[in-house]
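Working notes, beginning with the structure itself.
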Amino acid sequence: MASSTQGQVITCKAAVAWEANRPMTIEDVQVAPPQAGEVRVKILFTALCHTDHYTWSGKDPEGLFPCILGHEAAGIVESVGEGVTEVQPGDHVIPCYQAECRECKFCKSGKTNLCGKVRAATGVGVMMNDRKSRFSINGKPIYHFMGTSTFSQYTVVHDVSVAKINPQAPLDKVCLLGCGVSTGLGAVWNTAKVEAGSIVAIFGLGTVGLAVAEGAKSAGASRIIGIDIDSKKFDVAKNFGVTEFVNPKDHDKPIQQVIVDLTDGGVDYSFECIGNVSVMRSALECCHKGWGTSVIVGVAASGQEISTRPFQLVTGRVWKGTAFGGFKSRSQVPWLVEKYLNKEIKVDEYVTHSMNLTDINKAFDLLHEGGCLRCVLATDK
């Protein structure tokens with residue numbers, strides 16, 4: 001069904017980040033029609049993630065201003081460009097910052113969920129076709145972000161960056177499967193491949209850390225140790241599968257030694273869900289000699305480096321990283337939505353606040369106060 005706006009420029013509301021650390025403002029933005037291989041999506045719900053804040057803060061070397069941030073969302077296809085066959089107007093979709101073209105060296109390798117097709121464009125805030133933005137305000141271009149830009153009532157994405165999902169799924173909930181929840185679950189299931197009976201340590205009990213706990217519980221982990229400097233998070237974490245808690249502030253010894261002592265030599269798997277390089281070292285060094293695996297999930301600030309003694313690795317520990325939990329976006333996000341509909345994974349429980357796009361600055365404040373897991377913004381109000 002063709003929409004009445006197909007082929008036309010749409011003027012809509014979007015939250016524009018004009019410069020680093022300056023509050024975003026709601027603006028009337030012109031969104032151009034999709035070109036070949038592109039999809040224009042009406043965003044209905046978008047959540048906030050720490051990655052959005054990281055770029056907005058000015059610490060991201062790839063951060064470009066002015067831009068429209070946002071990458072965890074859900075909506076409905078408004079129109080498609082030439083050659084787009086996998087989605088059509090009216091389809092319910094989740095935009096995916098991790099593309100999946102199924103044709104590049106990465107996609108064909110069978111070894112990774114990374115995709116090389118559009119990264120050269122999305123990394124600099126433009127679309128592949130003409131290396132230009134589809135967003136503008138009175139003729140002035142506004143950069144895209146992560147190939148998604150979901151803090152807008154309409155966005156344009158590459159067709160390799162959009163997953164068609166079951167229309168029965170509530171978009172205000174499954175939008176979370178566009179980043180945080182999927183990342184945590186996949187870190188356990190795909191990257192670490194945690195087995196039943198394993199002892200797991202999770203550093204950082206935000207949305208991603210709690211999703212790691214949920215994944216570890218479903219994998220049959222025998223002990224799931226949550227580590228956070230905010231003890232208020234511990235009650236909530238129990239609901240996601242965490243069995244015991246450690247606050248590093250309560251101990252004089254280095255946290256890795258505390259965990260090693262608690263676990264008869266170390267954990268089988270650890271997950272760093274903060275993005276702090278010193279914590280990444282602790283997470284590795286609390287792993288058991290001979291077989292312990294540590295997965296870096298959190299994104300550290302640009303230019304920071306990790307370090308440990310080589311002996312840690314020589315004696316059998318493994319250090320790994322994960323992006324989007326190792327999930328192939330277009331193929332597996334629809335599968336995750338089905339798991340949610342079958343009540344096999346939690347999603348609703350991560351949504352602690354619901355607001356409107358116009359409240360975006362207040363929502364970012366909440367994210368930083370620590371009492372908020374995911375705040376979902378409705379764009380149509």
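The backbone N, Cα and C atoms fix where each Cβ goes, and this holds for glycine too.
Record features, source Swiss-Prot:
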BINDING   C49, H71, E72, C179  Zn(2+) 1 binding site
BINDING   H50, 204-209, D228, K233, I274, 297-299, 322-324, R374  NAD(+) binding site
BINDING   T51, H71  alcohol binding site
BINDING   C101, C104, C107, C115  Zn(2+) 2 binding site
For a quick check of packing: other C-beta atoms within 10 Å of the C-beta of G206 (NAD(+) binding site), how many?
23
With an 8 Å cut-off on Cβ distance to the C49, H71, E72, C179 Cβ center, who else from the chain surrounds the Zn(2+) 1 site?
A47, L48, T51, D52, G70, A73, Y97, T148, T150, G178, G180
Alpha-carbon distance [T51 (alcohol binding site); E72 (Zn(2+) 1 binding site)] in Å
10
When a 10 Å sphere is centred on the Cβ of I274 (NAD(+) binding site), how many other Cβ atoms does it contain?
25
Among the binding-site residues C104, C179, V299, point out the residue whose Cβ has the most other Cβ atoms within 10 Å, with all shown protein chains included in the count.
C179
By a simple count of other Cβ atoms within 10 Å, which of H71, C107, the binding-site residues in the record, is least packed?
C107
Run through T51, C101, G206, G209, I274 for me and report the binding-site residues whose CA is within 10 Å of the CA of H71 (Zn(2+) 1 binding site), in sequence order.
T51
Other than C101, C104, C107, C115, which residues of the chain come within 8 Å of the Zn(2+) 2 site, judged by Cβ distance to the Cβ centroid of those residues?
A99, E100, R102, E103, K105, F106, K108, L114, G116, K117, V160
Residue with minimal Cβ packing [other Cβ atoms within 10 Å] among the binding-site residues C49, C101, C115
C101
With DSSP assignments reduced to helix, strand and coil, which class does C115 (Zn(2+) 2 binding site) get?
coil
Quick check: of the binding-site residues listed here (C101, C115, I274), which one has the Cα closest to that of T51 (alcohol binding site)?
I274
Looking only at the binding-site residues C49, C101, C115, I274 (NAD(+) binding site) has its closest CA neighbour at C49
Counting Cβ neighbours within 10 Å across all chains shown, tell me which of the binding-site residues H50, E72, F324 comes out on top.
E72
Let me know the most crowded of the binding-site residues, choosing from T51, G209 and counting other Cβ atoms within 10 Å.
G209
Which ones, of the binding-site residues C49, C101, C104, C107, C179, have a Cα no more than 10 Å from the Cα of F324 (NAD(+) binding site)?
C179
